[in-house]
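**Student:** Okay, so Swiss-Prot annotates it like this:
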- 1-39: topological domain 'Extracellular' (TOPO_DOM)
- 61-71: topological domain 'Cytoplasmic' (TOPO_DOM)
- 93-109: topological domain 'Extracellular' (TOPO_DOM)
- CYS108-CYS185: disulfide bond (DISULFID)
- 131-152: topological domain 'Cytoplasmic' (TOPO_DOM)
- 174-220: topological domain 'Extracellular' (TOPO_DOM)
- 242-256: topological domain 'Cytoplasmic' (TOPO_DOM)
- 278-283: topological domain 'Extracellular' (TOPO_DOM)
- 305-363: topological domain 'Cytoplasmic' (TOPO_DOM)
- 337-363: region 'Disordered' (REGION)
- THR338: phosphothreonine (MOD_RES)
Amino acid sequence: MDFEDYNSTYEDSYTDDFDTIVALEEFSPLEGRVVRIFLVVVYSIICFLGILGNGLVIVIATFKMKKTVNTVWFLNLAVADFLFNVFLPIHIAYAAMDYHWVFGTAMCKISNFLLIHNMYTSVFLLTVISFDRCISVLLPVWSQNHRSIRLAYMACVVIWVLAFFLSSPSLVFRDTAHLHGKISCFNNFSLSATSSSSWPTHPQMDTVGFGRQMVVTITRFLCGFLVPVLIISACYFTIVYKLRRNRLAKTKKPFKIIVTIIITFFLCWCPYHTLYLLELHHRAMPGSVFSLGVPLATAIAIANSCMNPILYVFMGQDFKKFKVALFSRLVNALSEDTGHSSYPSHRSFTKMSSMNERETSML
């Protein structure tokens, strides 16, 4: 994702999307500094929690647990989030240096590519996990006979390759240019030449460039948000219906977990994608909508990368009965269910569930 994309000017020289200098015409120097400090602090916290939490999940899933389908999902999700957070310091430095890019054009392309790739990988993995759990409930016998670690790894390979393909525009359009004495890393959809004394043409003044911007933006919205949300929602509501029909859910907790998963995913990514769609018609919107909204929306979206380990531990748990060690909770959250029920593989259907198998039926 474009972490610096909240930083553009909204005038005739407007660049390809939210890039470079934090809305100079919208912010006073003091306001701009406050926004930069806010982003540096928030991104730093997310980076620290993301590297620590996902690193712990990677270690546990790799060295402390038996390989199962669930651990394959969780390991890949943690790796994607970990890589996402490893490259956050570059963008933290970019904001701290008043949006002066000193890392070169190649790193401008690569860092943004990796961030977009992580967005797609995480979303696709969450979707596959939801579909996998839905199949385990609807077709338990088939799932037991065909659900294998090899198939899970194959699915992960497809996900990473597909994410690579969808993220490749960053390698093509990401560019650097000079503006107001600073070097900016931005999306040059028009592919116009840049120099120390010039700035790329606004994409709406270049039909081809604006068309490329529309394709990239709409593709990200459809493939990175809308379609996954619809699939995840359909899977979880199907699970709820099946459980209630078979009276397997004895409490309302499973339904709360499902609703929370959907709402969390939706709230994290909806503002980000909404603002990018609005950006296509930014001239009809007040500049403050983007200069203030995009930093907040971006922070919320990237926070998703550090939330998963926390949700593994606490989702569906009663904090008043917090007696189990953190390490044990992570292991339980990542473990393949081995209990006995009509739908044995369904008890751990969510990557965020961590309940005691002796006492509770996990989703």
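Cβ from N, Cα, C; glycine included.
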**Student:** Ranking the disulfide-bonded residues CYS108, CYS185 by other Cβ atoms within 10 Å, which is at the bottom?
**Tutor:** CYS108
**Student:** Under a three-state reading of DSSP, tell me whether CYS185 (disulfide bond) is helix, strand or coil.
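**Tutor:** The residue in question, CYS185 (disulfide bond), is strand (DSSP, three-state).
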**Student:** Return the average pLDDT for the topological domain 'Extracellular' (278-283) as a whole number.
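**Tutor:** Across the residues of the topological domain 'Extracellular' (278-283) the model's pLDDT averages 73 on the 0 to 100 scale.
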**Student:** What counts of helix, strand and coil residues does DSSP assign across the topological domain 'Cytoplasmic' (61-71)?
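**Tutor:** Summed by class, the stretch gives 7 helix, 0 strand, 4 coil.
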